[in-house]
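Accompanying notes for the structure given below.
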Amino acid sequence: MEVVIVPDAKAGGELIAEAMAQLLRRKPDALLGVATGSTPLPVYEALAAKVRSGAVEVARARIAQLDEYVGLPAAHPESYRSVLRREVLEPLGIGMDQFMGPDGTAEDVQGACEAYDQALVDAGSVDLQLLGIGTDGHIGFNEPCSSLASRTRIKTLTEQTRIDNARFFDGDIDQVPHHVITQGIGTILEARHLVLLATGEGKADAVAATVEGPVAAVCPASALQLHPHATVVVDEAAASKLKLADYFRYTYANKPEWQGI
Ligand SMILES: N[C@@H]1[C@@H](O)[C@H](O)[C@@H](COP(=O)(O)O)O[C@@H]1O
């Protein structure tokens, strides 16, 4: 696992957008796994700026969704499909025909989960999966004690996650669904490159547990330690509880320039 400490969220966004751009130059039809939440927004802004300036083309890029609320109509402004359409697809000029995600409105939720898991395999697996992290260490919507081998399935949100996400629902926790579909941790680990971005002091404990704690289902993001190519990008505040921060700074400053993240 590589840990990169950046000065601020904008620098983290630029670093990850450049990694995505390099991937797309190498593989124009790359499958990018994208996350919701506030944290990844600087990545999407930086990537859209690169597309506008002609630094990278996304005409053949494909986008895959990480997780979704169950029961919100797809057109609801806070369904993750709507959020991704607004924050990622439209700014990049990518059509829905290049997008894949689970159906949060399906009557057969389990069937929808299995179908999406299989669709990711059929698509050749995600090339680069961008992840945020919950204050409790969740990735996607894999709450603490999710199986580290889990596949895409339905999960029940913790009260803390519903409180955290109420800000997207007029601050009203009652509007936040209880149930979600999320790529499992085993599913996420099949992506070729995992890039987790965390910013702000509120994520410092979760980042320390992810990077320096044991691999344990109680901190789902710690599963990144099992992946051969995982990058954790953090700002100074999110890095503030890392004991090895100086080591991470040293190795990043001295790595071969051609290597990228
Ligand atoms: N399902 C999403 C996660 O994918 C995201 O990482 C998390 C953190 O969001 P934020 O980046 O806004 O803190 O929120 C939700 O729970």
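Residue 1 is the first one shown; counting continues down the chain.
Each residue, glycine too, has its Cβ placed from N, Cα and C.
TrEMBL annotations: computationally assigned, not manually curated.
Per TrEMBL, the features are:
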- 10-225: domain 'Glucosamine/galactosamine-6-phosphate isomerase' (DOMAIN)
- Asp67: active site, proton acceptor (ACT_SITE)
- Asp136: active site, for ring-opening step (ACT_SITE)
- His138: active site, proton acceptor (ACT_SITE)
- Glu143: active site, for ring-opening step (ACT_SITE)
- Ser146: site 'Part of the allosteric site' (SITE)
- Arg153: site 'Part of the allosteric site' (SITE)
- Lys155: site 'Part of the allosteric site' (SITE)
- Thr156: site 'Part of the allosteric site' (SITE)
CB within-chain contacts under 8 A for Lys155 (site 'Part of the allosteric site'), separation at least 6: Phe141, Asn142, Glu143, Ser146, His179, Val180, Ile181, Thr182
Reported mean pLDDT - the domain 'Glucosamine/galactosamine-6-phosphate isomerase' (10-225): 97
Least Cβ-crowded entry, counting other Cβ within 10 Å, from the active-site residues listed as Asp67, Asp136, Glu143: Asp136
DSSP three-state assignment for Glu143 (active site, for ring-opening step): coil
Residue among the recorded sites Ser146, Thr156 whose Cβ has the most other Cβ atoms within 10 Å: Ser146
Rounded inter-Cα distance in Å - Thr156 (site 'Part of the allosteric site'), Asp67 (active site, proton acceptor): 12
Count of other CB atoms lying within 10 Å of the CB belonging to His138 (active site, proton acceptor): 27
Residue among active-site residues Asp67, Asp136, His138 with Cα closest to the Cα of Arg153 (site 'Part of the allosteric site'): Asp67
All-chain count of other Cβ atoms within 10 Å of Arg153 (site 'Part of the allosteric site'): 22
Secondary structure of His138 (active site, proton acceptor) (DSSP, helix/strand/coil): coil
Helix, strand or coil at Lys155 (site 'Part of the allosteric site') [DSSP, three-state]: strand
